[in-house]
Structures are given as structure tokens and as C-alpha cells.
Amino acid sequence: MATRRALSSLVRAASRLRGASPAPRPRGPLHRPSPSGYLFNRAAAYATAAAAKEAAPPAPATGKATGGGKITDEFTGAGAVGQVCQVIGAVVDVRFDEGLPPILTALEVLDHNIRLVLEVAQHLGENMVRTIAMDGTEGLVRGQRVLNTGSPITVPVGRATLGRIMNVIGEPIDEKGDITTNHFLPIHREAPAFVEQATEQQILVTGIKVVDLLAPYQRGGKIGLFGGAGVGKTVLIMELINNVAKAHGGFSVFAGVGERTREGNDLYREMIESGVIKLGDKQSESKCALVYGQMNEPPGARARVGLTGLTVAEHFRDAEGQDVLLFIDNIFRFTQANSEVSALLGRIPSAVGYQPTLATDLGGLQERITTTKKGSITSVQAIYVPADDLTDPAPATTFAHLDATTVLSRQISELGIYPAVDPLDSTSRMLSPHVLGEDHYNTARGVQKVLQNYKNLQDIIAILGMDELSEDDKLTVARARKIQRFLSQPFHVAEVFTGAPGKYVELKESVNSFQGVLDGKYDDLPEQSFYMVGGIEEVIAKAEKIAKESAS
């Protein structure tokens, strides 16, 4: 009893010291939309008006340390100023006396030596929110003031981003000055509604023979790009950017998610050399925008940089009606970064240590990549497979979203055949007679059949030699070797290295050329005449040139 009386007196004393509790916040209407949906719907309008300012003005110095700031929006709490309560690595807890920000709202730390953006991830109760930092938190201290911007992370979009490199929060990192534009969009947006999406299946002609013939890309589809180091992945990506710009007038966006800084720098330099990116007065003629979040960045930045790149691509699709190419390198790092964020937030891990929201995180990104009635976003995603285990949850979840796979083979690159696309391992949902037509489908299957038969005969050739093969098998091998070399192609972006002019091959020409090889029309031509050319007319011309040189 004495203990109970002592506790009661302590509680009463604490209540007197604490004073009257603050008045409860007024309740809104009963049928208020969900916070995330409300935030998505109004973010674009708010961003256009408010996000053009680099940062909202800080609260007056005379205000209280734990509050202050003029609230300009009752729902989002825009303008409210809170206080940092706890910093644990990339996780920062912030308390707001009023103007509590909704989930996914961007906060900006005031009076900091660099611009530090935090994104609200959890509401902890007692006016406390848990946030993920988009940059390093070195130098951040308890009590520092934090501004509620009232909108998600908002980035510049439009033609001003072409030829520029920016980070996850839209800041330029190429030392070429500010990105001057009036167009801004939040990175968190809803996927296009069903009524806005185009259901017609069309192929995106790339001008690359091996891709268009054997594993065609769907307009608005998602393509997985598999390949190790040094097999020509970067050159293939740059040629796709170049060809889409020339043939379709479209732009490209490259999102570097959690990859090496050196590779990002090399890609930028190679794009400048090949003319994909132009500097100085001709910058407006650039064909690609770059968004980087390298592997040295905090997990919050790596988890959101893919969304930043996608937002830039969405503007080109929706506002300008473009066919946009979106490159994501590497989509596995996006999943990996979200797994780190999930662990930092204290969520219980799922299979193989991945976040329990793995499918939701990936689906939120992939479902925004689609074709609408205005334009399309076709995504090429480099995919790292951990320990070459295709059943790992990260790549396995990614495969469910892909429409085509392009596999780059080291064995083919060792033969000097570029692009080193494996014609047997690469697949596409578009390889159907209902989509491509009977001629294209039959030609593609015929090419694959000849190459597969050649692959089956290689062991016999290695042991016994060509002389032991039947006449039919010798003919199969001869045609397969010609097809293998005919799948090579000089690229425009490689002209500066090879000296050979690049070739863009129309789809119809590719189909007719390979059908002629299958029918035996060109059995008399030497196989070296099929190497590094465009259409079949060039093969004939090259064969005549070789014959003249041999005769002389």
C-alpha cells in the first residue's frame, strides 16, 4: 500500500510539473482520403508552385527550437519546423509540435553545411517521425531544426536535364551549373490508370539485327540485360540510345543505381566521345539525361535514385509524347538498397534476409514503366544475379516483370562478334506469329534451329573434325557460321574506336536477309563477307571486293 501511495503521489507531482497538456489538434472531415493517395494527387500541383524554390526560407531565429515556421498547408504541415531528436547512421528521428508530415514527405535540415534531405518513413507516435537520409549524416546534431517541405522529393524534369548528371534529389553533380527549368515533379507517383494504358502490342525497332530478329523489344516493355564485365554492355546501351533518338526522335534516361563511380564516369566520357551527349552551346542536342546514385551513397539515396530517373522519363512520355528508353544499372542494387532501409527501420526480414516488402518495392517501380496513349517508356535493366542463383528472391521477383531478356556472352565476344548477344539464350514474349507475323517468326525460329544444330555438332567437330560430318551437317555448319557472323554489326557509337561507319538495319531488311541465308541463296559467298556489315547488299558487295583482291 505504501508503494502504491508513493507511486500515486509521484504521478500527481509529475502532472503538476508538466502543466496542462496541449490542446488536441482539430479533427478533419470524416471521409478524408488516405495520406499517401492524397499526397500523390496534390504533389504535382504543389511541386510546380513550391519546389521551384531551392529551399523554403528557414523559420525566424526568434522562434522556439522545437517548433516555429508558418504552416501553409493544414494537411501536409508544409512550413512547419521540427527538431532532430536522434541520429543513428542514415536514420534520423524528428519531432514536430505541429504540422506532422505524412509518410514519404521530404524534410530539409536547416542551418546545415550541405543540403540534407530526409524522407519520412514511419510515424512513431508522440509527434515523432522516423526518416531516411538521402545523404551522409555527418555533422548532424540533436536539436537541429528541420523544415517540412509538404511534398515528396521533387526533381527537375524536361529538356533542361538532357546532357546533365543529377543526383537523387535533383541537384546537378556534373559541375556545369544549375539545371534551369520550370518543370518539377515528385518522385513518388501512382502508376498510370488502366484506362490510360495502351493495350496494343508493338515492337520497338532498334536497328540492331540480332535484337530485332531474335529477341525483339516490346514498345513500353521491360528488358533484362545480362552480361559480365567487358562483353560490350555499355556500347550496346549507347547504341540503343543513339538509334532510338535517330529513328523515333525519342530521348533516353540512364539511372545508375548503386554501381561504381568509375563506371559512371567512364559512361559519361564515352557518351561525350560518341556524340550521345553534347557540351557547351550544343547541349540541347544531347539525347540522354543521367541520374546517378553510386554504391558509396547512403541506402536511402540508392533506394530512391531509380524513382528519380523514372520520373524524368515519365515527363518525356506524358508531357511530350515521346518513346523513351530508360536504362537502370543495376536493378539488383535497387532491391539491395531497399533491403538495407528495411533493416534500418527494424522490419523483420523475409526469405534470404530480404525485406518483407520486396515484391511491393519492385512492383511500385516496374508498374510505372508502361505504354500509355501519349507515349511509352521502354526499360532496359541490367540484372546482377547473386552467386549465379536464379532462384534468389531478388532476381526471381524481377523476372516476373520482364518481357524480354538480352544475354551477352563472353564466348561470342571472344570470337570478335559484336554485339555479343547470345541468340539462343536471349528470349522475348514478342516472338510470336500473332505479333510479328509468320515471315518474321519462321525466319527467327529457322535461324535459332540452325545455330542450335551447329552447337550440337561442335563436340563432334572438336573430336573428329569436319571431314567426318555428313553433307547435310557440313551445309548446316557452313550456314550457321555465316549466320553467326551476319549477326555482328558495326555500331555508330563505336565509329571513333573502329573507324568503320555504323549501320542501322531496318526490320524488314533483316528478316529478308536472314531468310535468304536460310534458303541457301548465298551459300557461294565466303563467310568473312558476312562479318561486320549491315544488310545483305553489303555482304554481296564485300564478297565481290574480296574476290577482286584475291584475283589481283
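Each Cβ is built from the backbone N, Cα and C atoms, and glycine gets one as well.
Residues or ranges marked as ATP binding site in Swiss-Prot: G227, G228, A229, G230, V231, G232, K233, T234. The region 'Disordered' annotation in Swiss-Prot covers 15-35. Swiss-Prot lists 1-46 with the feature transit peptide.
Overlay of Swiss-Prot feature records on the structure.
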| residue | record | Cβ neighbours (10 Å) |
| --- | --- | --- |
| G227 | ATP binding site | 22 |
| G228 | ATP binding site | 11 |
| A229 | ATP binding site | 8 |
| G230 | ATP binding site | 11 |
| V231 | ATP binding site | 23 |
| G232 | ATP binding site | 19 |
| K233 | ATP binding site | 20 |
| T234 | ATP binding site | 19 |
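Apart from G227, G228, A229, G230, V231, G232, K233, T234, the ATP site neighbourhood in this chain, defined by C-beta within 8 angstroms of the site C-beta centre, holds L408, S413, A420.
According to its DSSP assignment, K233 (ATP binding site) is helical. In the three-state DSSP reading, G227 (ATP binding site) counts as coil.
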